[in-house]
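Shown next, in structure tokens, is the structure this report addresses.
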Amino acid sequence: MSLAFCGNENNSLAYNVDRGVLNNGCFLDALNVVPHIFLLFITFPILFIGWGSQSSKVHIHHSTWLHFPGHNLRWLLTFILLFVLVCEIAEGIVSDGFTQSHHLHLYMPAGLAFMAGITSIIYYHNIETSNFPKLLLALLFYWVLAFLMKTIKFAKYTEHSVGLRQLRYCITGLLALLYGLLLAVEINVILGRRYLCFTEATEVKPPEDLQDLGVRFLQPFVNLLSKATYWWMNTFITAAHRRPIDLKVIGKLPIAMRALTNYLKLRKAFESQRRPLGSMPQGPKWIWRALRQAFGRPLIISITFRFLADLLGFAGPLCISGIVHHISKDNRTIQPPLLGVYFISSQEFLANAYVLAVLLFFALILQRTFLQASYYVAIETGINLRGAIQTKIYNKIMRLCTSNMSMGELTVGQICNLVAIDTNQLMWFFFLCPNLWAMPVQIIVGVILLYYLLGISALIGATVIAVLAPVQYFVATKLSQAQKSTLEYSSERLKKTNELLRGIKLLKLYAWEHIFCHSVEETRGKELTSLQTFALYTSISIFMNAAIPIAAVLTTFVVHVHISEEADLSPAVAFASLSLFHILVTPLFLLSSVVRSTVKALVSAQKLSEFFSSDEIGDEQEPNATINHNNKYQAVVSTQLSHNVLRTLCFLELVESVVITSGYFTWTDGTPTLSNINIKVPFGQLTMIVGQVGCGKSSLLLAALGEMQRVSGTVTWNMMTDSEGEQYCIPGQAVVSCFHCVYLGRKRGSVAYASQKPWLLNATLVENITFEMPMIKPRYKAVIEACSLQPDIDILPQGDQTEIGERGIILSGGQRQRIGVARALYQQTNVVLLDDPFSALDIHLSDHLMQEGICKLLREEKRTVVLVTHKLQYLPHADWIIAMKDGTIQTEGTLKDIQNSDPKLFEQWKTLMHRQDGEFEKSMTVLERKNLRRAMYSKEAAKTEEEHEEESVESEEDDSLSQAMRHRTTIPWRSCGVYLSSAGLLLPLLLLSQLFKHTLMVAIDYWLAHWTSHVITAKMDECGFSHSWYLSVFSVLCCLGIVLCLVTSVAVEWTGLRVAKELHHNLLSKIILAPMRLFETTPLGNILNRFSSDTNTIDQHIPATLECLSRSTLLCVSALGVISYVTPVFLIALVPLAIACYFIQKYFRVASRDLQQLEDSTQLPLLSHFSETVEGLTTIRAFRYESRFRQRLLEYTDANNIASLFLTAANRWLEVRMEYVGACVVLIAAVASISNSLYNHLSTGLVGLGLTYALMVSNYLNWMVRNLADMEVQLGSVKRINGLLKTEPENYEGLMAASQVPDGWPRQGEIQIQNLSVRYDTTLKPVLKQVNAHISPGQKVGICGRTGSGKSSFSLAFFRMVDMFEGRIIIDDIDIAKLPLQTLRSRFSIILQDPILFSGTIRFNLDPEMKATDDMLWEALEIAQLKPVVKTLTGGLDAMVTEGGENFSQGQRQLFCLARAFARKSSILIMDEATASIDMATESILQKVVMTAFADRTVVTIAHRVHTILNADLVIVMKRGIILEYDRPQALLEKEDSVFAAFVKADK
């Protein structure tokens, strides 16, 4: 067929110009080409020459980005214009099909217009990003020309009575309108930016965010296309391949999304609800109102997008119905030409199957874009809301009444739950909110369309779905209940595991590991039973999701066929219904989670409203005397003060820092805690507050700080009295010096306060001391010296730069207290309050701190010091003393005043002042440092090991970074293998059931296609048709499908359970048998994490992800298989699409994993900042550091929020791309199957089948990739557990069998050590070298030496806890190396330095093996002097011991350990520094016991204090792993040069 612009038929009217050129249709179309060619020619050089060179710069540097007026409207109009132009092209092509020759003028102008439209928006975008508006003139001319041409064409059509019935008339009118609107937008830019016809152009700067290059989250600033497709994320996601994503890479949040901005928005919404009298309304309603006011608008936008997406979602089934319907019949009606060409109606246009395919493609693209936009807006709003509420909670915490905390009304845990759980519940509610509104619309429209297609039978199918929806909800509630009970059991299991790991050394030494292992396994058994219930309901839920659509379709078709024999069951009807049922099921599945989320959000709002209405501390009321309230923030330096004020100030004689007059203070609404308080604290002097425990000393400090509720009286800071007795109040920070400079500020200034229970930040030691103050080296050194912290700092691995962990976890009480005091000393405030700073310090440290810190450092600086203390020996240092009794002031004055006024009290003090120097106190600090050194050693060992490994890796692989990057991009197949191989026989069942299920699903749909095609053929042949045979096969297939759905859902969950059981069991068994070295070099938290978060992932998350992944993958594969079967041509197009999918998922997975980890890691500091603040509230408020802490909170919140936002944007980036690929699959499948049907007579049923499956691909592609990414993250847990499973266990087997070891061995307790060398690991140096010793039966042997001399290694060698690579130990003629480990360790007793007790009964702690009788246990307790203590407890031997033995003192715990050793009745006892952590009295008891109760046993004592082994039969002195001295103590003391003698002298 020949080709010509106007066609070349002989009778063509196309060239007829008799009635004027403009009345010729072809000429009109030619005229319309002019504007487009003009634009293409004008913009080509500017685009490709002007911007080609600098386009890369423009894209990278976003500081010039600027939106011209009408930016979004222009993009929107351009999109509509392009869509209408596509319709014009399609209309031209379809019209052209009615003529003999091809008329290019019908679609070529539209094609050029389409190119010009794309060019115009690219051109505009480049001009906009480089802020060069003058070049927009080209577009102005283009819009004018295009508008004129289209208007002329439209006018001519009207003139020739072409009307609304003709589609081209409507399209032309629409295009004229669009060009007119775009022209209006262009004129608006001229008026806005004044770049034309005005003398001065408007200077406009880009948004503040974009000028800051630290802002990299560009979603709010990019153009509409980039917003919709997340195009700006491309560089970010591809860059993740080259370097991991961290906080530096993601930059800062835009101002509008920062927590502060959103908090102010929320606060404004709260303020607007204030009642006329200024009170705030109560209850959760006002929270909802405020949230709606602050965040309602974006939510409405999200809901609108969701509505549009859901309505467009119905285009799929309708287009399928149309395509299949129109293929099955030939419908062409020729109409007479107008203006020389054919005009078709919209009905004819939509009757074309190809047109419907293209429309379906556009509908899918739009639907997916709107859906993702809805998700994004909802999630962004949720994240902003979370940030705002967290900030509001924090601000409330800062004003919380201390009594709420101390009286247990609010605990740290409750507040952390508000932050971690309740704010997230509200955020999730906002995420799911659009569903709440969209679901009813989706259901109503779906049912209406089904009714239109199938009549009454559709309603019955819909009823099946509706009836099963409540069952879904019931299952969902049962699931959450099962999850709760699982959580309780897993908490209990974790508690036991934690105890087991903390006491692992003792368990191994006593050979009790299997008892405790069994206890953990028992709890795990209960947890697994609960998990089984969880798995059962999960599998029911999965089963219903899969089976409901099948059941609904089956019911519908059965009813449909039975209602009338003439029922229309064409492929068009059948497959459109099938797609509609799939759409209908989605909202009903979501229903349960949306309802659950709504209920949780309502509960959370209730909790928040209760929290927000809790009591706050009032601002301290200053006396009304001389305060000027005009400007409450006024801070005036002396240069601005009037001479009169200065003169007055210089005559002031006595200055009081704090004065309390007639003060009554309370914690709760009851009897006042402090009554009738009248005190004054002199300025620049040392005031001491003394009194018995619980008399209100600490409360007095807190009352002065404004932390207590004041019933009556006044608290005045900085009161001055002149010589005539007149009082002046300076409500400011304080007077630095009367002659230099005076600050008058508001209320009390900053006060350095050290609380009784030291409060430390999770930061470095130096940050804890300087506490936000600038570093002044000499001052810092003086403070460190005064608090004796240097020796402690020297032990820490990074010195004062060491992170000291949450709540100072690695430090002892005394060390924490000294850091708290050091902070108070370092601050340069005028007032220092120290609340019992000596309570955890020994006598030497207390003296040093008193002399150097308080008397010297603080006094020299003339600071006002208030010291609460029990150490009355320091009273002579005080300038002023306040004595308290039962919440009132007993007396106040100087020591001399009190001696005169209350001699009785003075005498009482005097007797107490003579201190009792206990040797115990002397040793405490030494012990603390030793423990710290030990803790640090194990940490360092772990570190050096890791570094060592890293170094070896680097040396092996030069290009380590690229290897690491390569490792990040590969899926951990090995972990997947480990996971699946743990399933055992369930694995083949799982795989087979999944394959059978999906094959059957395809078979059901294929049979439907076959059936409906036969219906059509029968209709065409006009012969009768019986549905019964087809229906019965269809019913059987559907029932089988439902059964297989059940089998697969159960198989997946049961596989998950089996793997969870196997992995935990193997892990626990391995850990129990692992050598001690593993626990010394691996942080306990790491091992515990394997049992907590990793086990939880394997228990609950992997099975669900695995099910989802296998389902979506198999659905995609089966769908692509079906499409390829229907139209083999599709396979050619599949290759590029598959490549695109591969690269999209490859890049996404890496970025997604990094962002998920970043989101998790930024959440921890945020939560710990909350708990830290709650714990240190009084300190923060005393220092007046609220604003600094608020600022830090905003930083943490923003860091967490930006990670969440980037993760959301990355998910949307993936989904948009996958949806577009899916839409391409639909388009290609549709076009290919239509062509195949028209030219190769493919049956209509198969076309319907192919299209239904193509729609399914677009739904499941992104699920496949999302689940793959989730699976990859979750398999990390399997990988980490597998890493621990590779640990080599200790060699528990011996050369002798347990039965060969004599029953009572060792009876005598004779020990021979021959040439023994020991090391901790094969890679480390020996710690004992060639040691020889002989210990006779019943001998008491003492081993001493400096730290690190090998004393403890000596004791561990008896238990084979260390590697004995040379020599041997023979006990009672048996070489211990030949014995099974379990037997060997079960025959000795040991008392360790750290007393370890387990939660359980006293009986269990003394004898977990349950071998001893009650009498034996009471005897053991009597020997350990504990019988009276245990007798008083309810339950006696069955009294409970709390975790770690916290309900007993340190000394009592050590005595229990002694009783435990005695109850074992072994003839060899080893005491490893067992008396180091107990006081003198307890120690003497211990020594006595050892000498009497263990008289006939061999006792080896490793001594911390040498005097404890003076009574031993034999002393061994060690140095660097060798025996230096070996003799009786008396013999060694007689030698002058004896090392032992030197030790004894030093210990006195």
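Quick reminder: no glycine exception, Cβ is built from N, Cα and C everywhere.
On a predicted model such as this, the values are computed, not experimentally measured, just so you know.
Record features (TrEMBL):
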type	residues	note
TRANSMEM	73-94	transmembrane segment
TRANSMEM	106-124	transmembrane segment
TRANSMEM	136-154	transmembrane segment
TRANSMEM	166-185	transmembrane segment
DOMAIN	300-600	domain 'ABC transmembrane type-1'
TRANSMEM	307-327	transmembrane segment
TRANSMEM	339-366	transmembrane segment
TRANSMEM	428-452	transmembrane segment
TRANSMEM	534-563	transmembrane segment
TRANSMEM	569-591	transmembrane segment
REGION	938-961	region 'Disordered'
COMPBIAS	947-960	compositional bias 'Acidic residues'
DOMAIN	989-1272	domain 'ABC transmembrane type-1'
TRANSMEM	1029-1052	transmembrane segment
TRANSMEM	1220-1239	transmembrane segment
TRANSMEM	1245-1265	transmembrane segment
Residues of the parent chain within Cβ reach of the transmembrane segment (1245-1265), under 8 Å, 6 or more residues beyond its termini: 316, 320, 323-324, 327, 364, 368, 571-572, 574-575, 578-579, 582, 1005-1006, 1008-1013, 1016, 1108-1109, 1112-1113, 1115-1116, 1118-1120, 1122-1123, 1126-1127, 1141, 1144-1145, 1148-1149, 1214-1215, 1218-1219, 1221-1223, 1225-1226, 1229-1230, 1233-1234, 1236-1237
Segment-segment contact (the transmembrane segment (73-94); the transmembrane segment (166-185)) at 3 or more Cβ pairs under 8 Å: yes
Remote residues contacting the transmembrane segment (106-124) - C-beta distance under 8 A, at least 6 residues beyond either end: 5, 29-30, 32-33, 35-37, 39-40, 43, 46-47, 74-75, 78, 81-82, 85-86, 88-89, 91-93, 95-96, 135-136, 138-139, 142, 146, 175, 225, 341
Interface check, the transmembrane segment (307-327) with the transmembrane segment (1220-1239), three or more C-beta pairs under 8 A: yes
Folded-back contacts onto the transmembrane segment (428-452), same chain, C-beta under 8 angstroms, at least six residues removed: 295, 299, 302-303, 305-307, 310-311, 313-314, 317-318, 374-375, 378-379, 381-382, 385, 458-459, 461-462, 556, 577, 580-581, 583-584, 586-588, 590-591, 593-594, 597-598, 600-601
